[in-house]
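Asker: My questions all concern the structure below.
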């Protein structure tokens, strides 16, 4: 029998010939062979979603290729990275699966059949940089683009601004159009959906509105959290959702939070949004930020050294949008000064342009330090579990300011406060927001702290 790695390399090579580039890079390339016994090969994959995809779509192909190569029946046994780490947690060394997919940036193929989909042709799977914080979301999006209306319906992305939710949503639509140019795809923001509904009611064209939204193959709705408190919109969308779901049409939604955390969202909508798969997207780590910048620089034809990219990535840890904005500002500064892009030039450009994020020094630890000093409590108190009022209110204010003044995700804020659940952060933010309307003392405290942090 072939050795484990030899057999794996042969199987990978064969699959690469048969599968699309994106499918291979997403599901096969990150996989790692751990052990080969007589009848099975144990393979590690990044997430449960990867394992499900392998078991449904790739296991039989694996066995066929192995049979041809060894004349033996060998089946793949999938194990997730987390499961493997639990099994080997007593060991010091850990296998690194890689945060970035490592694919070279490619020029996106612009579909020539954009019609009225409102899809951005630049938002494709090819232009999406995969990292630890978005790996599962990317894999789920790819599955949905290949098998809409079957496996994950609805697909619900949630996370902070500028992390790639909209990019993945558009990538699904663009991929489906490449596969079937006749597909009827509708992309809309929640605000546009509401405005179109209001207009339809005013002009008495509700039936035309329903016809437009209930006869699509793929419905993409961005920022669903803005449906909160809009009863008529929720009522209409409830029936639209049902019509599409019952007809096996794919629905993809995005939000800055989980369905059950959206205030004043009808329980029946919350329930339906949970029928499929909810996937969070978290801020990119350093390696992913560098890869994002390199990808953007290559696409834009910007000449920039690797150490300079690393410097930019080290300055900004909030989101992709701000990263790309920083690169654009650096490019403009370089042109204005007719100078090549260097680390020194980048430092000057970002300083003079007052870029936010780390450069403004407003971070969660800084907020905690200011709040602790203001209320005469300790940092340990803010991060601890004490429930007395003298501690709880400063802690909630610190969480509120972390949500308002940084781009950090809810889970990250929770982690900075001693591993609190993200729902605790939401509760704190909502409570302070409500109290600020009537509590003059609280208004002064929050105002003082905000002024200190922004000065």
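Cβ atoms are placed via backbone N, Cα and C, with glycine included.
Residues or ranges marked as region 'Domain I, interacts with DnaA modulators' by Swiss-Prot on the basis of sequence analysis: 1-75. The region 'Domain II' annotation in Swiss-Prot covers 75-117 and is backed by sequence analysis. Taken from Swiss-Prot, the feature region 'Disordered' applies to 84-107. Per Swiss-Prot, compositional bias 'Basic and acidic residues' is recorded for 84-93. As annotated by Swiss-Prot, region 'Domain III, AAA+ region' applies to 118-334, with the evidence given as sequence analysis. For 162, 164, 165, 166, the entry in Swiss-Prot reads ATP binding site, with the evidence type sequence analysis. Per Swiss-Prot, region 'Domain IV, binds dsDNA' is recorded for 335-455.
So where do these features actually land, and what's packed around them?
Answerer: Across the region 'Domain I, interacts with DnaA modulators' (1-75), DSSP classifies residues as 46 helix, 12 strand, 17 coil.
In this structure, residue 166 (ATP binding site) is part of a helix by DSSP. For residue 166 (ATP binding site), the same-chain residues lying six or more positions away in sequence with a CB closer than 8 A to its CB are 123, 222, 254.
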Asker: Beyond 162, 164, 165, 166, what residues of that chain have CB atoms within 8 A of the centre of the ATP site's CB atoms?
Answerer: 157, 159, 161, 163, 167, 168, 254, 281, 319, 320, 321
Asker: What are the non-local neighbours of residue 162 (ATP binding site), defined as same-chain residues 6+ apart in sequence with CB under 8 A from its CB?
Answerer: 318, 319, 320, 321, 322, 407
Asker: How many other Cβ atoms sit within 10 Å of the Cβ of residue 165 (ATP binding site)?
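Answerer: Its Cβ has 27 other Cβ atoms within 10 Å.
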Asker: List the residues of the same chain that sit at least 6 positions away from residue 164 (ATP binding site) in sequence and have their Cβ under 8 Å from its Cβ, in sequence order, or write 'none'.
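Answerer: Spatial neighbours, sequence-distant, of residue 164 (ATP binding site): 128, 134, 137, 281, 320.
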Asker: Please work out the helix, strand and coil residue numbers for the region 'Domain IV, binds dsDNA' (335-455) from the DSSP assignment.
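Answerer: Helix/strand/coil tally for the region 'Domain IV, binds dsDNA' (335-455): 87 helix, 0 strand, 34 coil.
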